[in-house]
Amino acid sequence: MPLTRGGWALLLGLVFSACNSVAPVPAPSGFSPCLLSPSTQARSFAVPQGLGDFLAPHVPGELLALSAGIAPQTLTARVEGTQVQDRLAEGFLRLRVPVGQERAKAEALLAAGARWVQPNYLYFPLYQPNDPLYPASTDPYRLQPFYQKINLESAWDKVGPLRCTPVVAVLDTAFNPSHPDLQANLLPGKNLTPDGLGQSDLSPGPPPQGSSYMQGDADHGEGVAGLVAATADNGKGIPGVGLNYVKVLPVKVFYWVGSSYSVSSDVLANAIRYAADQNAAVINMSLGSPTPLDPAVQQALTYALSKGALPVAASGNDGTDGLDYPAAYSGVLAAGAARLEGGRADFSNYSSQTKDLVLVAAGNKSPQQLLYSLALGQNYPYYQSLGRYAAWAGTSFAAPQVSGVAALYVAKFTARYGQGPTPDQVRRCLTQTASNGGFYDPQTGYGLLQADRVLTDTAACFPN
């Protein structure tokens with residue numbers, strides 16, 4: 001069942017609050033991505049035996065099944081009314097079944113020899129909608145006090161000469177490749193959704209009859225990408241955290257599933273693998289779901305770690321103990337939201353169990369604590385943009401700040417040692433240099449991200 005609109009809270013960064021093969025996208029000439037090092041802790045994920053959670057939001061009439069060595073045609077022949085739609089990585093099948101019979105068919109497939117059968121889960125953007133506010137100042141950076149709370153300006157002074165360009169893959173809603181404040185730092189992207197548009201079309205897809213976008217829905221991806229890599233020193237808008245050192249690989253994953261604008265398990269898993277294969281140093285996922293176990297996505301995350309990519313995900317916007325998924329999965333660095341005056345934002349999920357959480361300031365609903373970033377800046381047949389810039393809040397906008405700082409660290413580490421850090425090293429650097437001094441607190445995780453320490457610390461980040 002789809003989540004209610006209340007579940008679409010914007011995830012605020014606790015900085016303050018495969019599949020079918022896809023042809024690689026050629027990088028721009030002269031572009032040199034950083035050489036990555038695989039995680040030393042990435043192990044093959046052992047898929048359990050059994051059924052997934054059929055009360056969680058999911059695509060009606062679809063299942064993901066691990067066939068456990070049985071030929072797909074043999075498995076579906078044993079269960080009437082099942083049809084193979086797609087073959088994913090690691091032996092998973094995407095199956096079509098009659099709507100309303102998902103659990104019954106899953107039980108039958110399990111009895112017929114499948115190892116694991118789950119719904120095709122849905123994940124949602126993690127933002128809290130705000131009325132659009134536009135910077136009145138000619139220097140909108142001065143309206144970003146959150147950058148100052150993580151000592152970002154000081155960190156920019158410490159980046160130094162680099163020998164490679166780190167890539168952050170942003171898996172999100174829609175993107176405008178011609179946005180004047182982003183196009184210089186945006187790589188050619190991919191549409192991995194079944195929305196009927198071309199693979200290079202990153203615009204909002206058509207909603208089904210009777211459904212329509214809500215204000216800000218499709219702008220979400222542009223806002224996230226802007227915080228990572230909006231062009232600096234161009235006299236326009238805002239500077240991204242990456243300060244022109246970082247490139248964004250835009251990957252459109254959200255599409256309409258019935259009346260729900262979301263991303264399904266198979267598309268998300270496909271996108272994670274695609275991003276890893278494109279040499280993304282960081283994979284940003286400003287999205288989430290309460291779904292507790294999604295082996296299709298977990299296997300994709302393990303693959304990304306084995307390729308040297310660090311997954312970063314928003315912690316969730318319910319204000320409860322327990323991170324959303326994929327933030328809660330092993331190997332993923334969760335980004336929560338903090339208030340500008342300090343402490344966890346009330347809506348930001350925290351964790352007394354999973355110990356991979358850092359905070360960033362990512363806006364709040366009060367006018368004094370809004371975070372400015374980009375919006376699509378043009379209108380489409382199915383969607384009217386907020387404009388070129390908008391005010392945002394939520395853990396969705398904490399994650400890209402963490403991702404941008406992580407990418408800067410990858411580039412500086414590579415310049416110093418000739419090879420990129422492993423995802424485990426990146427995670428250790430960011431958590432051990434955060435404001436809690438390397439100690440984990442259930443409410444605030446490792447504390448507020450400290451960008452300047454990330455680029456200078458000789459104990460956790462740059463050992464001799």
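Glycine too: its Cβ is placed from the backbone N, Cα and C atoms.
Noted in TrEMBL for the protein shown:
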{"type": "SIGNAL", "residues": "1-23", "note": "signal peptide"}
{"type": "DOMAIN", "residues": "166-446", "note": "domain 'Peptidase S8/S53'"}
{"type": "ACT_SITE", "residues": "Asp172", "note": "active site, charge relay system"}
{"type": "REGION", "residues": "185-218", "note": "region 'Disordered'"}
{"type": "ACT_SITE", "residues": "His220", "note": "active site, charge relay system"}
{"type": "ACT_SITE", "residues": "Ser396", "note": "active site, charge relay system"}
How far is it from His220 (active site, charge relay system) to Asp172 (active site, charge relay system), counting Cα to Cα, in Å?
7
Taking DSSP states H, G and I as helix and E and B as strand, how many residues of the region 'Disordered' (185-218) are helix, strand and coil?
1 helix, 3 strand, 30 coil
Check Asp172 (active site, charge relay system) against DSSP and tell me helix, strand or coil, would you?
strand
Distance check, please: Cα of Ser396 (active site, charge relay system) against Cα of Asp172 (active site, charge relay system), rounded to an integer number of angstrom.
10
Minimum Cβ neighbour count within 10 Å among the active-site residues His220, Ser396: which residue?
His220
Based on DSSP, name the secondary structure state of Ser396 (active site, charge relay system): helix, strand or coil.
coil
